[in-house]
Amino acid sequence: MRVDYRMEYVFYGILLLAAVAFPFFATNEYQVYVMALAFIWAISAMGLNLIAGYTGQLNLAHAGFMAIGAYTVGLLTVDYGVPFWLAFLLAGPIAAVVGFFAGILSLRLKTHFFSIFTLCVGYIIYLLIEKGDSFTHGPVGVIGIPAPSIGPLVFDTTTSVYFLVLAFLVLTIWVMRRLVRSIVGRSFVAIRNSDDLAEALGINLMRTKVLAFTLSTFIAGLSGGLFAGFVRFLGPDLAREYHTFDLIAFVLVGGIGTLMGPVLGAVALTWVTQSLQFLENYRMIVFGPMLILLVMFFPHGIIGTFGIWMARRRANAGKRSNTQAVLPSRSGEEARANA
Amino acid sequence: MPEIILETKALTKRFGGLAAVKDVDAKVEKGRITAIIGPNGAGKTTFFNLISGTFPSTSGELWLEGQRVERKRPDQMAQLGIARTFQTTSLFDGATVMDNLIVGHRLRTSSGLMDAIFQTSRLKADERSCRAKAEEALDFVGLTHVANRLAADVTQEERKRIAFALALATDPKILLLDEPAGGVNPEETVGLADLIRKISATGLTVCLIEHKMDMVMGLADHIIVLDHGEKIADGTPAEIRANPLVIEAYLGAGHDAAA
């Protein structure tokens, strides 16, 4: 067990080093920009993974909650002159409050009924933003969001915002790791596994699902706040369902219900999309089949498949060293009853 | 006269016009093995679902240790000490057996989200007790050797035992087993019957639904027979074997009651 953890820390250490070194090896600023944006989507995807991957409730309104966080920052800073950091601190909580109420309503439904309902919730969020001209700037969007700054420290270059986003990504991974490995996270997984069994084990379904849902919308709001500070322009389209579908693709490719799956998926798919850019709209001809093949042959995603392989290897190693097999003993009474 | 731990009085469940369980008066004695038998569609699983809180009853009373409990949810019933297994055990195939079991003791712990994020001492103590309970339960059902195997890689019989372990990890007072020997071979059935006896020997009350009459007759202290949602008989295995109503309704159809 100890050795496993050490290997894991080495793995995280290498990833972090690579992420820190990336801007210095990038050949142009655009690459840094793309990576930072991928990280923001990765944070959002981790939120979606919490409710869809770990808890098994596919929330199709996720991009809507991301938009709520983004618009919290955008509107407060541009229209009300609130300092960026104060607005940013509110992005997660406001998305979570909306998420809480959306959650207690929508989580009364199960499986695909829940997903369809949340699809509507997401669309309603989009419509409210798009039609609420006087409050949200409607289809024009929010322009001129100030760059994030702490006192004299202003994150106005691409590289500086990259590190800011990276810091939040690391923080999210760190909190998520603690959460999903705890018994709280295990009760989420128990619900994904089987509602009935989880409930029979004494887990309050509604309370636990609402907790996971609210938390996932908090993370969505946080990533939205970062998005607003990074892109510094917002349109209502951010709330659209196709962004949720992108997030689902990130989660599936990387590994649904795994800690690092969404991060890997977001980064990998972003770069694949970038490298297929020269094909313009024909890139979907390459992209679509790639996704289908991946889901067909690696239904657990990249990290999930690797994790299962590792677990099997470990179990087999354990079996070899542990030769004692406990066989169920037979009793004569049953044998007599059979006779 | 042994103590009655669970009692139903005129317990009824209607689905639309159909009475799946109708006016059932039943008593479960503490520390004994009670079997519920009956032909397919007799309402056995519905009866279990009523006791475990999965469905609210239409009418009638449910008493657990002197407390009326017919309006409780399944998780509340689990808190009160009713654990159950299902006909099919849904485990998370992508995790190890041990990982699947740890959540079983969650209901006896109190750590919340903040405990998890800040890794408080309460969380650590709770995790320790969950893990210890899982190990204890796994050892009890004789599966310590598969603790680190993926749930996808265990046999059907091991799966049944894991389901038992999961239920035992909740620290129950009553264990409800829905077809504990369904889908396993005769030899394994004997092993599972031994395990049920071992569970009963610890003083736990066991209630089971089973179709395998050999197993029921050899195992149960008390048998309740349901047919078309109604209780048609209850008593010791010997009394049930001799009951003409039971023979007609159930045992007569392809089963040799005197075996």
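Just so you know, glycine gets a Cβ as well, placed from its N, Cα and C.
Features reported for this protein in TrEMBL:
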type	residues	note
TRANSMEM	A:9-26	transmembrane segment
TRANSMEM	A:32-51	transmembrane segment
TRANSMEM	A:58-78	transmembrane segment
TRANSMEM	A:84-105	transmembrane segment
TRANSMEM	A:112-129	transmembrane segment
TRANSMEM	A:159-176	transmembrane segment
TRANSMEM	A:210-235	transmembrane segment
TRANSMEM	A:247-272	transmembrane segment
TRANSMEM	A:284-311	transmembrane segment
Examine the transmembrane segment (A:58-78) against the transmembrane segment (A:210-235) and state whether at least 3 Cβ pairs sit under 8 A, considering only residue pairs 6 or more apart.
yes
Among A:9-26, A:84-105, A:112-129, point out the range having the most Cβ pairs under 8 angstroms from the transmembrane segment (A:210-235).
A:84-105
What parts of the chain pack near the transmembrane segment (A:247-272), using Cβ distances under 8 Å and only residues at least 6 beyond its ends?
34-35, 37-39, 41-42, 44-46, 48-49, 52-54, 58, 62-63, 169, 173, 176-177, 180, 189, 192, 287, 290-291, 294-295, 300-307
Cβ-based contact of the transmembrane segment (A:9-26) with the transmembrane segment (A:84-105), 3 or more pairs under 8 Å
no
